[in-house]
Amino acid sequence: MYPAHLLLLLAVCVSLLGASAIPPLPLNLIQFTYLIECANKGRRTSFNYADYGCYCGIGGSGTPVDKLDRCCKTHDECYAQAEKKGCYPKLTMYNYYCGGGGPYCNSKTECQRFVCDCDVRAADCFARYPYNNKNYNINTSNRCK
């Protein structure tokens, strides 16, 4: 075996071992990221919404801090409805387009359409309401009751 092939094989093995310790990102969240950036025309990335208010990000409780946080609560509720329909919203891949008027769905199955609609409505909602930097990375144990 050539030394270059051995190096390549070693690099692949090391990267696979390292990747096994990293939790997988739910597949559809990658698509949701693109929908958010499409809807707000690149003004904010999805990372701005990953730890905003009481509902944007992992989990959620209490009263939303503003209209933008309410968008996240509504998105969580939409995903809960998708699960009741037997869908797996965080794993469901769907077809969508980013046009001049923002994102829209073009999926075939009921679950794909439902989950995509949840994500498009949330992305449009994020674009509609102002972002308050004071509501990013808040102390949820104090403010989300």
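Just so it is clear, glycine is given a Cβ too, placed from its N, Cα and C backbone atoms.
Marked as active site by Swiss-Prot on the basis of similarity to another entry: H75, D119. Per Swiss-Prot, Ca(2+) binding site is recorded for Y55, G57, G59, D76, and the stated evidence type is similarity to another entry. Look at Swiss-Prot and you will find C38-C98, C54-C144, C56-C72, C71-C125, C78-C118, C87-C111, C105-C116 tagged as disulfide bond, backed by similarity to another entry. The signal peptide feature in Swiss-Prot is assigned to 1-21.
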Next item on the list: Report the nearest neighbour of G59 (Ca(2+) binding site) in space among the recorded positions C38, C71, H75, comparing Cα positions.
Entry: H75
Checklist line | Cβ within 8 Å of the mean position of the Cβ atoms of Y55, G57, G59, D76: remaining residues of the chain near Ca(2+) | finding: C54, C56, I58, G60, C72, K73
Notebook entry, point to check: In whole Å, how far is G57 (Ca(2+) binding site) from C105 (disulfide bond) when you measure between their Cα atoms?
Noted result: 23
Item checked: For the recorded positions D76, D119, the one whose C-beta sees the most other C-beta atoms within 10 angstroms -> D119
Margin query: Tell me which of the recorded positions C54, C111, D119, C144 ends up closest to C78 (disulfide bond) in space, Cα to Cα.
Written below: D119
Item checked: Length of the line joining the Cα atoms of G57 (Ca(2+) binding site) and H75 (active site), in Å -> 11
